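Annotated features in TrEMBL:
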TRANSMEM  A:26-49  transmembrane segment
TRANSMEM  A:61-81  transmembrane segment
TRANSMEM  A:87-106  transmembrane segment
TRANSMEM  A:173-190  transmembrane segment
TRANSMEM  A:197-215  transmembrane segment
TRANSMEM  A:284-305  transmembrane segment
TRANSMEM  A:317-344  transmembrane segment
TRANSMEM  A:350-373  transmembrane segment
Amino acid sequence: MLRPTPRLSSRLNRTEMGWREKIWQINWSLIAILTAISSVGFLTLYSAAKGSLEPWAVKQMIRFAMGIGIMIAVAIVDLRFWMRHAYGLYAISIILLVAVELKGTIGMGAQRWIDLGFIQIQPSEIMKIAMILTLSRYFHGASVQDVGRPTFLIPPLLLVLLPVALVMKQPDLGTAMMVLMSSGAIFFMAGVRLWKFGLLLAAGLGAIPVAWQFLHDYQKKRVIIFMNPDQDPLGAGYHITQSKIALGSGGLFGKGFMNGTQSGLNFLPEKQTDFIFTMYGEEWGLFGGLFLLGLYVLLTAFGYAIALRCRSQFGRLVALGITTTFFLYFFINTAMVMGLVPVVGVPLPLISYGGTAMLSLLFGWGLVMSAYIHRDLPIGRRGGLDD
Amino acid sequence: MYHDNDRSKLFSRRALLLAGGKGTLISALIARMYYLQVVEADRYAMLSEENRVSMRLLAPPRGLILDRGGIAMAVNQHNYRVLVVSEQAPSLDYTLDALSQIISLGEHDRARITKEARRRRSFVPITVRENLSWEEVARIEVNAPDLPGVLIDVGQSRFYPLESLGAHILGYVSAVSENDQTNNDPLEELPGFRIGKAGVEKIYDMALRGRGGTSQEEVNAVGRVMRELERREGEPGVDLALTLDLRLQEYAAQRLGDESAAVVVMDIHTGEVIVMASTPSFDPNAFNRGLTHEEWKELSTNPRAPLQNKAISGTFAPGSTFKMVVAIAALEAGAISPEQTVLCRGHTELGNIKFHCWKKGGHGSVDLINAMKGSCDVYFYEVARRVGFDKVAEVANRMGLGVPTGIDLPNERSGLMPNRAWKRKALGQPWHPGETLINGIGQGYCLATPLQLAVMTARIANGGRQVVPHVARDLITDKDAVPRPAPNWPSCGVSQRSLTLVRKGMNAVSNEPGGTAYRARIDQEGMWLSGKTGTAQVRRITMRERETGVKKNDELPWKERDHALFVAYAPEDAPRFSIAVVVEHGGGGSAVAAPIARDIMLEVQKRERARVAEMDRKGQG
């Protein structure tokens with residue numbers, strides 16, 4: 001009896017997986033860490049509302065539940081699907097960014113939101129993910145030699161600069177920096193030579209005086225205040241000064257849950273969004289801060305582990321790109337509230353109150369999870385469709 | 001497969017590098033956290049306390065002022081204010097419109113309120129109007145549902161229920177001005193805080209104020225009070241009981257009527273001032289409320305000086321009331337004996353200057369008692385000439401003239417008892433012998449306050465003890481009131497013989513027919529008074545005028561009329577009270593001042609008798 005040649009290994013050479021099998025593959029530890037971080041957020045939002053689930057904590061919990069659902073859905077979708085539609089998503093993001101530019105709702109003095117009727121979306125959030133997918137796809141098929149050719153690097157560079165320019169125009173300096181930096185990380189991981197980064201950096205520094213001209217007044221002010229926050233403690237430097245007071249007064253062990261005076265008495269601006277870490281730090285002290293930082297580092301480490309275990313370059317780049325974006329989120333936010341970097345509108349991931357960020361972050365982790373589930377899936381040069 | 005292995009290795013290497021970079025950043029975060037929360041923790045903890053805790057001063061209630069019978073003379077009144085909190089008013093204009101239907105609200109007020117509302121945080125109450133009547137408060141309360149954001153607030157303000165009665169002793173309170181000397185009392189910083197500006201309100205200000213309490217409040221970033229952390233109640237001000245008897249004070253004020261006058265009645269043994277009236281008076285409530293420009297102008301330019309307490313700040317030539325002091329000085333010096341007589345022919349001469357007696361035809365031959373009884377000027381010219389004025393002034397000082405009495409009231413004047421040294425120093429001129437004569441009848445340079453005259457009389461009546469007058473019943477320290485110790489006044493250093501003789505002369509003035517105050521005597525048994533009239537001339541009478549006839553007071557403008565004075569003590573047989581009455585430009589002492597003194601002294605003694613009878617009745621019951 002002739003039987004079909006058995007496959008060498010069911011694990012190594014498969015191109016298809018059933019959804020049941022995928023669900024079995026879900027990395028629950030990762031979800032546990034995400035849940036732990038988000039729970040810190042719920043508690044802090046509860047405290048920020050002076051011991052009430054309203055108005056923030058409950059909504060945040062619902063969004064988290066939705067986000068986890070989206071994340072699992074994204075994770076189960078074949079990684080090749082995301083690769084295949086990377087450029088499309090990028091194109092859509094660009095269109096949305098332009099749309100926002102043309103007729104965006106004014107929010108926080110910047111055009112960032114687009115109202116689709118049932119949901120308000122922030123195209124720049126989608127762009128963060130689309131950018132990672134696009135670059136990962138671009139570099140997926142590139143050999144080490146390809147990456148070494150400068151001409152090969154010009155298209156992705158343009159792909160990066162176009163949305164960055166659009167986001168800057170909104171103006172959203174924080175997101176622009178984030179896109180730029182996470183893109184840089186992917187370039188780096190793809191094997192671009194370090195001296196090329198040096199060259200780019202030098203060019204970038206040289207462009208600073210030119211870029212300064214294009215900055216809005218409030219952005220210039222923020223940078224100046226960052227340099228010397230004490231000069232105007234009640235004016236524009238207020239945020240940083242009050243944030244440092246709140247954090248510092250927390251001390252080693254904090255003032256205790258629900259006992260934050262500075263945030264509780266509204267000395268702290270934006271305590272439920274961008275400055276939530278300050279509130280958390282005031283109440284839980286240095287140890288609380290280190291605990292949260294530990295969770296973030298653990299999550300980052302998971303992202304690295306998944307990236308390193310991935311067989312496909314696309315999966316590796318996506319996992320690392322998302323992880324790096326996430327890292328940049330929490331680093332920039334915490335460094336900002338501690339007065340290490342200028343105040344830019346970057347939320348504390350999974351903790352700051354806000355729907356879009358929560359959903360897009362969990363969408364991103366869904367992609368990382370997908371890379372984990374499909375870690376052994378070899379993907380050909382063109383997304384495995386022509387293999 | 002393309003060189004996936006190379007790529008994989010490269011990826012791993014670079015992942016390690018990237019992780020290293022991230023590790024560095026994380027380290028920086030931890031270091032920063034450590035710096036903020038450990039190294040600088042104390043500093044930030046302090047800053048955070050400052051951020052949230054605000055101290056508020058609580059004004060203590062000001063001490064009450066009562067008369068000797070416990071009748072309130074100065075109280076704290078609820079001051080109803082209507083406030084508006086713009087945060088709670090959907091539309092400030094609407095609320096103010098509705099409010100102006102109920103209470104009068106000028107355009108000026110409205111402009112001020114809207115301006116303040118723009119400037120202040122929306123939860124800060126803004127005063128719409130103060131000093132609302134009870135009726136207005138009620139109307140606002142009834143309409144409260146239609147007045148969103150409107151609050152009624154109760155503050156305290158000083159109120160003097162008796163208005164002008166006793167105003168000079170009470171003084172008044174008003175807002176702290178830049179010129180006031182401060183006592184480093186934080187209360188003075190409170191907006192709307194009032195301090196004593198005159199009278200006992202001023203002199204016992206610190207005790208009346210009390211100690212401010214504090215309230216530590218937790219405030220949020222915009223200054224809204226969230227809760228009280230700690231409250232330390234202050235101490236209310238000391239209640240001040242005066243020695244004044246309000247009923248007598250009222251009687252005296254009525255008796256003085258529209259005259260520009262002053263009367264002082266005091267206890268010759270204790271120094272308690274029972275009556276101190278100065279007319280015209282003023283309403284101290286006006287100062288608390290804030291005077292209008294017109295009111296102030298009227299008060300400050302009125303020639304009868306309603307703001308001045310003439311009993312202690314008005315100085316007058318004592319005239320003939322000074323003759324007791326001259327007599328004592330002469331008796332003490334042995335310059336005269338009571339039996340020696342002087343012939344009065346209506347004038348005497350020194351060098352080629354004529355010195356006139358008030359009685360044109362003269363008194364004839366008079367001894368000490370008769371000279372006092374008829375107030376013979378010629379007799380006292382002679383006596384003064386014999387003893388010399390330096391000695392007279394020295395005795396006068398011991399009797400309480402020319403030096404402040406030391407009463408517990410601000411702005412006491414010391415009057416003037418001249419001597420050679422003073423004249424040389426003040427005027428740079430030598431003493432003329434004639435001045436001894438003029439000053440010997442209480443004219444010339446001599447000046448005394450009504451209070452000084454009352455004290456002088458008291459010291460004559462109490463046997464030469466240097467009683468010091470006071471208006472606060474108790475000894476008041478900055479935070480307490482303790483009963484005064486039993487008085488133990490030092491002696492004036494005057495012999496009882498001289499004092500007895502002088503008292504005998506004063507008895508003759510009032511109780512012997514022909515005495516200058518005989519018509520103003522008291523007939524009631526045991527209430528007899530002994531006194532001395534005085535008429536102080538304020539203008540010079542020329543020789544020509546004397547020839548054509550001295551003008552009557554009625555014919556002169558008010559400012560040129562004589563001052564009418566009278567001093568007395570009573571009862572004659574067992575002295576208890578002394579009185580001094582000065583009616584500025586009032587005319588003759590015997591015609592104007594003595595009847596006033598008699599009426600008041602009678603009232604004082606009747607009241608004292610009633611009081612004693614009451615105590616006896618209670619003692620028996």
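Each Cβ is built from the backbone N, Cα and C atoms, and glycine gets one as well.
In summary, the transmembrane segment (A:61-81) does not lie against the transmembrane segment (A:284-305): fewer than three C-beta pairs, each 6 or more positions apart in sequence, are under 8 Å. By the count of Cβ pairs under 8 Å, the stretch nearest in packing to the transmembrane segment (A:26-49) among A:87-106, A:197-215, A:284-305, A:350-373 is A:350-373. With a cut-off of 8 Å between Cβ atoms, the residues of this chain six or more beyond the transmembrane segment (A:284-305) that come close are 27, 29-30, 33-34, 36-37, 40, 250-255, 257, 277, 319-320, 322-323, 326-327, 330, 334, 349, 351, 368. Most Cβ pairs under 8 A with the transmembrane segment (A:173-190) among the ranges A:197-215, A:317-344, A:350-373 are made by A:317-344.
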